[in-house]
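Heads up: the structure comes next, in structure tokens.
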Amino acid sequence: MTLNGWFQVLLFCGIVFALVKPLGFYMARVFNGERTLLSPVLAPVERGLYALAGTSEREEQHWTTYAFSMLLFNLFGFALLYALMRFQAVMPYNPQAMPAVGPELSFNTAVSFVTNTNWQNYGGESTLSYLTQMSGLTVQNFVSAATGMAIAIGLIRAFSRASGKAIGNFWVDMVRSTLYVLLPLCIVLTLVYVWLGVPQTLGPYITAQTLEGAQQTIAVGPVASQLAIKMLGTNGGGFFNANSAHPFENPDAISNMIQMVSIFAIGAAFTNVFGRMVGNQRQGWAILAAMGVLFIAGVAVTYWAEAAGNPLMHGFGLAGGNMEGKEVRFGVALSSLFAVITTAASCGAVNAMHGSFTALGGLVPLINMQLGEVIVGGVGAGFYGILLFIVIAIFVAGLMVGRTPEYLGKKIEAKEMKMAVLAILCLPLAMLAFTATATVLPSAVASIGTAGPHGFSEILYAYTSAAANNGSAFGGLTGNTTWYNITLGFGMLMGRFLVIIPALAIAGSLVTKKTVPASAGTFPTDGPLFVGLLVGTILIVGGLTFLPALALGPVAEHLVMAAGQLF
């Protein structure tokens, strides 16, 4: 580890921290329906969209109607994207004459982008046409991110409203998320990326002659526009197979820093949105502090492990950090930081190959996802995820002091606790059940690219990434098979909607409750004691479940490596 490396980590943290308050202020005004700087331009468009949809910003929904609207919208998006890939060969904007995508891969990809996972069992530049990339994947990048933001806002309203029956309007929340937050920021980011050298063209791939006289095809396309929402919406699916390790998708250190900040910007700002909407910004800062503790710990372990390198290589006189699978233009520090960021959020974009990390270096991204990606997390998804852990933490605190648990004046009772536990338990169910099944099926084991404990880690990482709606992978696993396309697809659906529905049920229950005034016995939720309780709850409830599986994978791999054994 070097001072320069830690300076880059601190620079990233400083930029994100500086954006939390202004972006949170703007987003709070957007979701409260207040006037913003963009209102003169966007308000007429917003009203026009409501008129076309047959709804109104004054029309609010019960949580069940909110959930039904969300499910219906996502089902339509899945069907449209699936059809687009299946009929890709006869559609326009296909200069490379890409054939139709197979049914299993189309199912997996459609589920992947609808759930904001962006798991990719294909190479974008060798499989998909420009139309599919733009009208299919990029559109879903916007609306899947907006869906997560809408769910988070609905849950926040349940805490902020004194009493009522409705949690908002899904269509209004989604339109505002897209129109006022995602779209303006992405327009700016797209222009910046083009300025930095990222391609943005509808022209065909370029054929170039190499120095040896051979012909080389250079893939280009509408990359910058997809890249902007890919990072800002914590989607992660790359235009190119190499994702953000590709020089056309991440040219230099400046673009790399912008991409890392984009991943965390909205998720971190949601803590400030929460504080503003509940009338106490200290509540939001406390949640951000808990996220920060877990994030810095993860960065420290990953950076240390990668900087220390592989002791087996040191025996050959090759000192230095682990540079396998990393880009020289980023080095160990920025590669380690990017890996922790992309798995702390539900992004999944990579600027280095996680499968080439050391055992402990790869352990941290795995744990980040298994915790439910609540360390900032995906746009919206990370925040409603950590609110589920807050419900459990407050319930435990109430039991310890013998009082009815309360959070922000709302009583946390049996129904809220059951729904929170249900949402949290669906993740290990999807991650571990599919992993266990895959390890005993010869056809699934045949896809493993590495022997020993790392081979098990490849399977565990795949299903963890799918259920956590992350999308990154240990690259040694061949995922484009019928088994993995179907089971990973179901894992993504479970990890997305079996968390969202209980979260909305909690919102529907809490919004009907009257706010109880704070008293001398009320547990303070804006100080260091609450931060410690929340961190402990996340680690114990969210992480302890996976300890046996981790012991068989990365922990065993580290011990084998330390013993000097190869596999």
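Positions of Cβ are set from backbone N, Cα and C atoms, glycine also.
Among the features that Swiss-Prot reports, transmembrane segment is placed at 5-25 (among others), with the record citing sequence analysis.
Below 8 angstroms of C-beta separation, residues 91, 100-101, 105-107, 109-111, 113-115, 128, 131-132, 135-137, 139-140, 143-144, 147, 150-151, 154, 167-171, 174, 497, 500-501, 504 of the same chain, each at least six residues beyond the ends of the transmembrane segment (65-85), sit close to that stretch. Residues annotated as transmembrane segment in Swiss-Prot: 65-85 (among others).
The list of residues near the transmembrane segment (136-156) in space but at least 6 beyond its ends in sequence, with Cβ under 8 angstroms from a Cβ of it, reads 31, 63, 66, 70, 73-74, 77, 80-81, 84-85, 113-116, 118, 128, 167-168, 170, 173-175, 177-178, 181-183, 186, 222, 225-226, 229-230, 232-235, 237, 266, 270, 273-274, 277-278, 378-381, 383-384, 387, 500, 503-504, 506-507. Sequence annotations record features per position, and here Swiss-Prot assigns transmembrane segment to 136-156 (among others).
According to Swiss-Prot, the feature transmembrane segment maps to 179-199 (among others). Same-chain residues lying 6+ beyond the ends of the transmembrane segment (179-199) with a Cβ under 8 Å from its Cβ atoms: 26-27, 30, 36, 38, 42, 45-46, 49, 142, 145-146, 149, 220-225, 227-229, 231-233, 248-249, 251-252, 254-255, 258, 262, 266.
Within its own chain, the transmembrane segment (254-274) is flanked in space by residues 11-12, 15-17, 19-21, 23-25, 27-28, 31, 149, 152-153, 156, 159, 181, 189, 192-193, 196-198, 227-228, 231-232, 234, 244, 281, 283-285, 287-288, 291, 330, 334, 337-338, 341-342, 345, 347, 349, 351, 376-380, 382-383, which lie at least six positions past its ends and keep a Cβ under 8 Å from the stretch. Annotation source Swiss-Prot lists transmembrane segment at 254-274 (among others), citing sequence analysis.
Residues or ranges marked as transmembrane segment in Swiss-Prot: 285-305 (among others).
With a threshold of 8 Å between CB atoms, the same-chain residues lying at least 6 positions outside the transmembrane segment (330-350) that come near it are 1-2, 4-6, 8-9, 12, 116-119, 230-231, 234-238, 243-245, 253, 256, 259-260, 263-264, 267, 294-295, 298-299, 302-303, 306-307, 321-323, 357, 361, 364-366, 368-369, 373, 375-378, 381-382, 465, 468-472. The transmembrane segment annotation in Swiss-Prot covers 330-350 (among others), and the record cites sequence analysis as its basis.
If you look up Swiss-Prot, you'll see 352-372 (among others) marked as transmembrane segment.
Residues annotated as transmembrane segment in Swiss-Prot: 375-395 (among others). Taking Cβ pairs closer than 8 Å, the transmembrane segment (375-395) reaches residues 116, 145, 147-153, 155-156, 177, 232-234, 264, 266-268, 270-271, 274, 287, 290-291, 294-295, 298, 344-347, 368, 405-407, 412, 416-417, 420-421, 423-424, 469, 499-500, 502-503, 506, 523, 525, 530, 533-534, 536-538, 541-542 in its own chain, all 6 or more past its ends.
What Swiss-Prot lists as transmembrane segment is 421-441 (among others).
Residues or ranges marked as transmembrane segment in Swiss-Prot (evidence: sequence analysis): 486-506 (among others).
What Swiss-Prot records for 529-549 (among others) is transmembrane segment.
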Segment proximity, the transmembrane segment (529-549) to the transmembrane segment (285-305), 3 or more C-beta pairs under 8 Å: yes
Feature contact check the transmembrane segment (5-25) with the transmembrane segment (421-441), CB under 8 Å, 3 or more pairs: no
Tertiary contacts of the transmembrane segment (529-549) (same chain, 6+ residues out, Cβ under 8 Å): 286-287, 289-290, 293-294, 367, 370-372, 374, 386, 389-390, 392-393, 396-397, 424, 428, 431-432, 435, 460, 523
Positions whose Cβ lies under 8 angstroms from the transmembrane segment (5-25), at least six residues beyond its ends: 257, 260-261, 264-266, 268-273, 275-276, 284, 288, 292, 296, 299, 303, 307, 331-334, 337, 341
Residues of the parent chain within Cβ reach of the transmembrane segment (486-506), under 8 Å, 6 or more residues beyond its termini: 63, 66-67, 70-71, 74, 104, 107-108, 111-112, 115-117, 119, 121, 151, 154-155, 158, 167, 372, 381, 384-385, 387-388, 391, 415-416, 419-420, 422-423, 426-427, 429-431, 434, 437-438, 462-463, 466-469, 479
